[in-house]
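Participant: One structure coming up, written as structure tokens, with questions to follow.
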């Protein structure tokens, strides 16, 4: 009996229980996701004399530089290309997660799962992006009759589309497989929550200014690289069982390197209007513009250095952008909390005995393997902006006022005038 128990325990992943084994049996076994060597043949030949450890280091390094170069190129191409890339990444991440579920689900040849999954993706994107178009392109929407109708009934249309998918799911239920089908229904909706909602928030951050898009993403990339470097050369102490290769040395080294990087990058970018100005749609030219008078966040201010640090630094004051202070909060989150998105993904992969979500990027796995921390970061940035940065937007309010009936506009005008008179900002009817 003792040998039998040892044999069973060896065949299970860490933390797997008897119920996990039963569940795996019911769902047709773990998904067969390819884990073969997908390194390009050119790199295989060039690095053939190196050990597997150093070969992996060079492959990851080369592909990382290639991805960073691609990141700079799409930034140069402007906001519209960035939004398109975010949309493509969202679709690819959704595909990778749903494919894992389908490999379990496909065994029973039950109808409509993949069709319904992509249909729900379409519905959710229609809802979120329709809200964004109405919010940021209000004048354009009001100018075109079809868009105005779609905008007015947008939420009703979105609900009707979702309700159609819901009814299709109910009609697809097959006897003896109800629990499995509801399991996959939940799988699809959790995937939508994780992937689509977060990508929507990324685009909202982009509209606040390119700097709110670039700095957080760059901090996550920096932390990923520096934690790997510190862990590779100095790592000795395991950090978490979900990711055995992660070490405390890499975690701590990545934190300090990321905070410094975020602070310096913010200083450089805060001096350029193309990064600091909100991304707005110009109705005259039908194009995006990023030209404005920089807000106080992006104007150099003088700060007093704490008395304790003055003898060490030799300075009493320092001039820097207020945004650099916010960048410390962003980089700290990217370093301390952001990695938990990666730990979550590691736990997910261990649950299904897969190495990566896919093999899209050699040495890095799938797109979801690279963006697991980015989605968590996007939510934090959006909450941070709403809590500490964003105020009322006068231009949006004026756009909405202009669409009201003349009597409604006159009512608002008289109300605002009376309020300003009470505040002493207007002297009375002669100033009107």
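Note that Cβ sites are derived from N, Cα and C of the backbone, with glycine treated the same way.
Keep in mind it's a predicted model, so treat the numbers as computed, not measured.
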Participant: What range among 209-235, 290-316, 371-397 does TrEMBL describe as transmembrane segment?
Facilitator: 209-235
Participant: Identify the transmembrane segment range according to TrEMBL, selecting from 323-345, 346-368.
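Facilitator: Feature transmembrane segment in TrEMBL: residues 323-345.
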Participant: Looking at the ranges 156-174, 270-288, 403-421, which is given as transmembrane segment in TrEMBL?
Facilitator: 156-174
Participant: For the transmembrane segment (323-345), could you work out the same-chain residues 6 or more beyond its ends whose Cβ comes under 8 Å from its Cβ atoms?
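Facilitator: Beyond its ends, the transmembrane segment (323-345) has Cβ neighbours at 211, 215-216, 219-220, 222-223, 227, 240, 242-243, 246, 251, 254-255, 258-259, 261-263, 265-267, 270, 276, 297-298, 357, 368-369, 372-377, 380-381, 384, 388-389.
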